[in-house]
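Structure first, commentary second.
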Amino acid sequence: MKAKTLTATLALILLAFAQADYDVASYCQLVQSGTKLPSLDSCQNYYTCVSNGLPTLSSCSSGYVFNKDSQQCVPTGSFNCFFGVANPCQNQDKKFVPSAKQCNEWHYCLAGAIAGTGTCKEGQIFNFAKQSCVYGECSNTGNNILDSPNLSVCQIMPNGIYFGDNKNCSTWHKCSGMEEKKGTCPNGDNFDPTYASCVPSNMPACSRIQNPPSTGVVSGPPSTSPCSLGTVVGDLTSCSVYYKCENATRSNSTIWNTYTCSGQFFDVISKQCTSTNQARTLKGCNRCQFTTGSMYWVNAVDPQCSEYFTCSNGLETKSTASTCGAGNFFNEDLQYCMIGNSTVGQYAQTHGACENYTCNPNTRLCNLVTATNTTSSHR
C-alpha cells in the first residue's frame, strides 16, 4: 500500500465493538423483494427484504457466514466479513483490513493482531480487495446508516444490482466492489426498485420519497363544555393533538381549547409533549404520524409490546395492528420483531406504547397500572 494513499498511525490496540444495526427497512425500499442484506451485528446474520412487510432476520448455521454478493451462506474462510467481530485481524497476516467503525479507516494486521490503524485521504474509502484506498464517500448516497458506524452503501448492497435512492425518484445506484456508480433515468422517468429499472413517471414507483400528508383529522374533545377546569386529555385520532379545559374569555363557564405538539406526541400520563417513541398515547390515535417513506413500522399501544402498525407516508395502512406473536416483542428502533421478551422491560422504559397503563374511554384520563411500574421511573 502506497504511503501517499494512507496516513498511518501505528499503535497496538484491542478492538471490541458492539455494532449497532442500521435502518434495514429503509434500505429494503430501494431493492427488489427477496434481496438479502447483511446484519452489522454478526457475519452470520442477514435480513430478507419482503414486499410490504418487515424485513425478516435469519442466521447462517455454525461454520458459515453470509455473503451479500452471492446472496447465500458460505463456509467461514471463503468470504471475508468484518462485521461484529472482536478482532478483524483474525487469520490475517501482513494485510490491510477495513475498520468496522467507518469505511475510510483501515487496520494493518501482523500474525493475526492489529499492528496499526489509519485513515484514507478525504474523498476516499478503503477497498479490501484492492488492499488500498479508492475514490468514494462514506454514506455518499444520502442513505445514511443510523447510529454509527458510518459505512459506505456498497458495504450493505450486493454487487452488480441496480437499486434506488431515498431522496430522488429518478436516481439509481450500482455497486462494483466498493466503488459506487450513480445515474439518472432519462426523459424524466423514475427508477422503480420493483423492476430494478426506469419506468414512466406516471407509474407509482416513488412513494418511498413522498412526504407524509397532513390529514388535519381530529376527533375533538371528549365532551361538550362546560368541562372540569384544568383537565388535559389527548385526541383519539391524532397523537399530537390535546385539549385543555380552561376558563372561557367571554363567560364564567369553561371550554376545551385545542393544542398541538410540534413533531411530538401528547403523553397521556405526564400531560406533556414528548418524543414519539417515548410518549404514552391513547390507543387508536395515529402512531404513524411524522413517519416518512412508503414503509415503516411503529409500536402499537400494547403492554406486551408484541403489536405494531405498518406505516405508509405518515398513515397506518390498516386499522388493526399486526403482531410478532406471543412471547416476542416489536423493536421500533431496529424495525423488526425480537425473538423472546427477556429485554422488553428495558425497551419499554424508553418506548411509551409498551408501558402498562389504562385509559377511561369516556373521560380519556389515564393511569399507570401500578405505582411501582418499573417503566415509569424514567419519566
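Yeah, the Cβs are placed from backbone N, Cα and C, and that goes for glycine too.
The structure displayed is predicted, hence computed values, not measured ones.
These come from Swiss-Prot:
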- Cys60-Cys73: disulfide bond (DISULFID)
- Cys120-Cys133: disulfide bond (DISULFID)
- Cys185-Cys198: disulfide bond (DISULFID)
- Cys324-Cys337: disulfide bond (DISULFID)
- 25-83: domain 'Chitin-binding type-2 1' (DOMAIN)
- 86-143: domain 'Chitin-binding type-2 2' (DOMAIN)
- 151-208: domain 'Chitin-binding type-2 3' (DOMAIN)
- 224-283: domain 'Chitin-binding type-2 4' (DOMAIN)
- 285-356: domain 'Chitin-binding type-2 5' (DOMAIN)
- Asn150: N-linked glycosylation site (CARBOHYD)
- Asn168: N-linked glycosylation site (CARBOHYD)
- Asn247: N-linked glycosylation site (CARBOHYD)
- Asn252: N-linked glycosylation site (CARBOHYD)
- Asn341: N-linked glycosylation site (CARBOHYD)
- Asn356: N-linked glycosylation site (CARBOHYD)
- Asn373: N-linked glycosylation site (CARBOHYD)
- 1-20: signal peptide (SIGNAL)
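For the domain 'Chitin-binding type-2 2' (86-143), the mean pLDDT of the prediction comes to 80. Around the Cβ of Asn341 (N-linked glycosylation site), 16 further Cβ atoms fall within 10 Å across all displayed protein chains. When Cβ distances are compared across the two stretches, the domain 'Chitin-binding type-2 3' (151-208) makes no contact with the domain 'Chitin-binding type-2 4' (224-283), since fewer than 3 pairs at least 6 residues apart fall below 8 angstroms. Of all the recorded positions in the record (Cys73, Cys133, Cys337, Asn341), the one with the smallest CA separation from Cys185 (disulfide bond) is Cys133. According to its DSSP assignment, Cys324 (disulfide bond) is coil. Among the recorded positions Cys73, Cys120, Cys133, Asn168, Cys324, the residue whose Cα lies closest in space to that of Asn252 (N-linked glycosylation site) is Cys324.
Here the domain 'Chitin-binding type-2 4' (224-283) is broken down by DSSP into helix, strand and coil counts: 0 helix, 23 strand, 37 coil.
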